[in-house]
Amino acid sequence: MRTWPYGCVIDSSGKIPPSLLNGNINQLGDFDQCMTVQGTFKNISQFQPADEEIYGKYCLASIDFTLPPAFETINSLIHSHYVIRSKLTDPGHRIPKFASMYWALCIPHSCSNHDVREWLVQQLQKLEIPGLLKAVSLDESMCQTKNQNDKFGFATVSTVLLLGGVIALTLIATFTNEQKVREMIVQCKDFNTKLWYIVLESFSLKKNYKTLTNLSGPPDDVACLHGLRTINAIALLLSHKCMQLLYYSYVNRTKMTEMISYPYSMLARSAIVYTDSFILISGCLAAQCFLKNFDRKNGSVLKNYVNRFFRLTPNLLAIILFCTFILPLLNAGPLWNDVVSKHAELCRKYWWRNLLYVHNYYGFEEMCLTHTHQLGIDMQLYLSAPILIYLLWRFPFFGIITSTALGAYSTYLRYYITYQHNLSPIIYYGVSVSQLFNTATLSYILPTHRATVYIMGILLGYYLHYHSSVPLKLSKAQVNFGSFFFSTCGFLAMFGTYWMSSRSYKYNNQEAAMYMAFAPIVWCSALIWIILINVHGYSGFVGKILQWPGFRIFTRIAYAVYLIQFPVYFYNVGTAKTPSYFTTQVLFNIEEYSIIFALSVLLTLLFDLPFQNLSKRIKYQSNKSTDALNNNKIAEKVN
């Protein structure tokens with residue numbers, strides 16, 4: 001005898017929907033209803049006399065199917081023109097398995113994923129359509145029960161206490177008298193007590209808010225860099241949003257893919273150039289920093305390395321801890337395990353790679369927080385930069401020749417590897433998940449392949465360090481010609497391969513290799529021209545916009561925005577429970593962007609700025625102690 005709500009189970013499962021020819025193939029069922037299903041299995045057998053409590057288990061199966069060639073047009077419409085081709089074996093945590101169909105099933109929790117998969121295969125075999133190719137995948141990781149996320153282990157409790165401790169410290173520091181803290185730092189002789197007041201000063205919310213909103217900069221600051229950073233960060237944010245949209249189930253999914261089959265979609269398809277912008281700026285700032293040290297002849301490269309590590313690590317560690325031990329417990333949904341829990345599992349295994357900044361050598365399949373690959377690239381290029389910068393400082397001609405040779409070699413690597421392995425830097429119609437993953441693993445996330453624009457940044461930084469204050473005389477005609485020429489370069493880097501946005505495009509490894517090799521150079525050449533004419537006062541109206549002081553605020557939260565955006569995006573993907581209707585307004589989700597910016601400000605105030613303050617304070621105290629020790633030694637020698 002059974003008192004089990006079969007009706008609710010059937011009602012919670014996916015069913016054949018309308019709008020199949022418009023790509024509405026993902027059937028997510030009723031997730032919430034399945035999670036609340038509960039019943040009792042009454043046993044009348046003498047061998048199992050006890051009643052058994054049974055509750056709902058939500059499973060999301062992946063089905064690959066291809067209609068016979070005679071139905072090619074229908075097959076294309078159903079699969080939304082295969083904007084991304086995927087296989088059941090592809091990982092879905094970073095790039096969506098767009099070509100697969102998701103089908104929800106609500107079952108008793110005692111059933112295994114193998115039982116459900118076998119039943120589903122049997123049902124599909126009843127579809128006697130000649131030439132129909134089909135396959136089914138259902139991992140246990142794609143099944144969920146209501147009690148799944150109620151586990152608070154030691155690591156989770158420790159993370160909550162640690163993050164809570166930082167918040168508590170910030171509140172204490174904020175409400176402590178600032179004047180008293182400064183006086184105690186100066187007067188206190190006990191090291192531990194002095195350190196406590198230094199920590200209080202560093203974590204003060206009032207102090208850090210003033211720093212965040214400060215519109216002034218150092219005398220040697222290149223003001224237009226803040227504007228360029230802001231524009232590229234927002235462009236990258238929107239590009240990543242476009243990839244996020246491909247995870248969602250839309251009633252008009254085919255229509256959505258047709259709307260992005262125009263040249264303007266290259267703004268998102270060629271997002272690689274936005275990351276090149278940050279690499280260029282990073283190389284420029286690194287060159288200026290190390291050249292100052294070499295000019296003083298007392299600067300320590302090792303101290304710069306330590307400062308760099310403590311500049312990047314607090315934010316990164318906070319995000320890793322949150323996404324690994326807290327975020328998976330906050331909610332649930334059909335794709336939650338795929339886009340949230342899977343990232344958390346990878347971070348449990350491989351978090352140490354991120355903190356050592358070597359995670360970009362392991363590919364997206366085995367990477368904790370895949371979007372942080374840029375940090376590994378930047379750190380590795382920064383560690384190697386002093387050698388090249390020293391050559392430029394000590395032997396300028398030889399340094400320029402060496403820089404050019406290394407940049408050319410990096411360009412050759414991009415071309416050769418892309419051509420040989422059929423990689424694609426552009427997300428064209430029909431690109432496969434495996435091709436995109438290979439592009440990342442074999443080229444995109446390797447510092448040797450991204451070094452060209454970093455070296456261009458170093459050369460730019462070298463020029464700015466020694467020549468930014470020297471007037472550069474250009475005629476109006478020269479400025480206009482240069483602006484036209486380099487604007488054309490930027491346009492070509494973005495839209496020069498516009499035909500790749502067409503549904504009829506067929507992959508060509510020669511075209512892909514040429515773009516991979518030269519688009520970063522052409523794009524960054526345009527940025528260098530913008531920077532140079534700004535520095536020398538020829539920028540006009542555009543320069544005034546880029547030099548707007550308000551961009552400095554965004555620059556200070558840009559790192560946090562970079563870290564926060566994907567956890568927010570994947571949280572929303574994981575909690576989406578029903579198909580929606582796509583419109584272009586979906587791309588501009590003000591609520592989502594507001595959350596990203598608000599959390600970025602919070603992360604900056606709680607971790608980024610406090611640890612920067614702490615690093616500077618400790619460095620200052622260390623230098624002060626060293627100077628005092630040296631003065632004592634000199635005095636002893638005189639006496």
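Using the three backbone atoms N, Cα and C, a Cβ is placed for every residue, glycine included.
A TrEMBL annotation is a machine prediction, not a hand-curated record.
As recorded in TrEMBL:
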DOMAIN    5-145  domain 'Nose resistant-to-fluoxetine protein N-terminal'
TRANSMEM  152-175  transmembrane segment
TRANSMEM  271-291  transmembrane segment
TRANSMEM  312-330  transmembrane segment
TRANSMEM  387-414  transmembrane segment
TRANSMEM  426-445  transmembrane segment
TRANSMEM  451-467  transmembrane segment
TRANSMEM  479-500  transmembrane segment
TRANSMEM  512-532  transmembrane segment
TRANSMEM  553-573  transmembrane segment
TRANSMEM  593-611  transmembrane segment
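DSSP assignment over the domain 'Nose resistant-to-fluoxetine protein N-terminal' (5-145) gives 45 helix, 38 strand, 58 coil.
Here the transmembrane segment (593-611) does not lie next to the transmembrane segment (512-532) in space: the count of CB pairs under 8 Å, restricted to residues six or more apart, is fewer than 3. Fewer than three CB pairs closer than 8 A are found between the transmembrane segment (271-291) and the transmembrane segment (553-573), and contact between the two stretches is not assigned (pairs 6 or more residues apart).
Remark: the transmembrane segment (312-330) makes no contact with the transmembrane segment (451-467), by the rule of 3 or more CB pairs under 8 A. Note on the transmembrane segment (451-467): residues 222, 276, 279-288, 291-292, 381, 385, 388-389, 392, 400, 403, 406-408, 410-411, 414, 520-521, 524-525, 528, 531-532, 535 of its chain, located 6 or more positions outside it, place their CB under 8 angstroms from a CB of the stretch. Long-range contacts of the transmembrane segment (152-175) within its own chain (CB-CB distance under 8 A, at least 6 residues past either end) are made by residues 199-206, 318, 321-322, 324-326, 329, 605-607, 610.
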